[in-house]
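Here the structure is laid out as structure tokens; the discussion comes afterwards.
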């Protein structure tokens, strides 16, 4: 967890592109209906350099093995959150050898850790062909027919997106064509066809931080990868969320990034699936997904019953405990968090301590949770029945905002700084504070 926290960075990398394929009868699908033209085979279309902020319908979206995300349009792409469009073949050079196939129909990054020969490879789909790239180099033997590599999947796809086990039932790929969705099991090579008529026809699809997005026009709709369910208010304009377009655009009305001096964590935890979270006011941040970027989300997005901020969070077994005031919520940790029936309950009834608390943490492979209130730390044995405070210990801090215990020891957070100790007992016995370390941009994505 420490390595994850220290390596956290905010780097949503997205790319877009817009140009026309050559050697095809094509339509300019971003133009108004009365301005669209058919271009005969062999006549190459030359457009001005595309501007992602003027509204672009993406052809394909995929991250690479390093976490850079590319958005494609025609034979152009954008790499990163900001920057100009460039030719796709400038990065994926072998695509130029097959330029007659036209734009990229769909793309995804394979997630299948059981097979290192395909895991993290990028797959591009062009008409009836599929290409496999790794480290921007075309793999030997490609391209091949889509049916050869993905039996049961049609050609001329609209979109594709990976879906790892835990988010889908097995490691899978979702393919989209019109209003039909094909769920492809990577291991068994079996296909289940679904009709998600409530979902717009996706021209591209993207998985980011365990959320799934269907892009259509210059809007997007978030959906559940198993059921296709759409919750919340959609569609939303891509330019407010997946690119930086200046005045008039921007998630949250263009709210500025937090300064590091303003950061005040309220909780930090890692669940049994290895997902690490930091909680700040009414928002949370994933700490273990820095490869693909990071972003603050409302707590209620993942823990629907929680309104506002939290006081403390810790994980025990496959449950996550969220303390808010004098109440405790217990969520089952699965692909998505589910509140256990009967909760919230009074903190005193569930854990034998009166709320509110300042912080809580649980060390790996231990049954004792440590609660901090003011200058006192309380031990509660989670394996005992009933659960009661078994020890009360003074600590050398008047007020702690959050606590974390991992394989490297205990960290206590106070404002934009944290202090490290080898164990909870050394924290309790220490009368000399260690040198504090500051939360930096690399650790939290804040600004100096």
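Backbone N, Cα and C define each Cβ position, glycine as well.
Keep in mind that what you see is a predicted model, and the values were worked out from it rather than measured.
Residues annotated as heme binding site in TrEMBL: 251, 295. Residues or ranges marked as disulfide bond in TrEMBL: 53-245, 163-168, 202-214, 363-405. Feature annotation from TrEMBL assigns N-linked glycosylation site to 201. For 55-95, 101-153, 154-202, 262-306, 354-396, the entry in TrEMBL reads repeat 'Hemopexin'. Marked as signal peptide by TrEMBL: 1-19.
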Quiz prompt | C-alpha spacing of residue 295 (heme binding site) relative to residue 168 (disulfide bond), in angstrom | solution = 22
Quiz item: Just counting, how many other CB atoms are there within 10 A of the CB of residue 405 (disulfide bond)?
Solution: 27
Quiz prompt | Distance from residue 214 (disulfide bond) back to residue 363 (disulfide bond), taken between C-alpha atoms, in Å | solution = 39
Quiz item: What is the Cβ neighbour count of residue 214 (disulfide bond) at a 10 Å cut-off, with all protein chains included?
Solution: 28
Practice problem: Report the nearest neighbour of residue 201 (N-linked glycosylation site) in space among the disulfide-bonded residues 53, 163, 245, comparing Cα positions. | Solution: 163
Quiz item: Taking DSSP states H, G and I as helix and E and B as strand, how many residues of the repeat 'Hemopexin' (262-306) are helix, strand and coil?
Solution: 8 helix, 16 strand, 21 coil
Quiz item: Which one, from the disulfide-bonded residues 53, 163, 168, 202, 245, has the smallest tally of other C-beta atoms lying within 10 Å of its C-beta?
Solution: 53
Quiz item: Can you tell me how far the Cα of residue 245 (disulfide bond) sits from the Cα of residue 202 (disulfide bond), in Å?
Solution: 23
Quiz item: Could you state the CA-to-CA distance between residue 214 (disulfide bond) and residue 405 (disulfide bond) to the nearest Å?
Solution: 38
Self-check item: Helix, strand and coil totals (DSSP H, G, I; E, B; other) for the repeat 'Hemopexin' (154-202)
Solution: 0 helix, 24 strand, 25 coil
Quiz item: In the structure shown, which of the recorded positions 201, 295, 363 has the fewest Cβ neighbours within 10 Å?
Solution: 201
Quiz item: Any idea what the Cα distance is from residue 53 (disulfide bond) over to residue 405 (disulfide bond), rounded to a whole Å?
Solution: 44
Quiz item: What are the DSSP helix, strand and coil residue counts for the repeat 'Hemopexin' (354-396)?
Solution: 0 helix, 22 strand, 21 coil
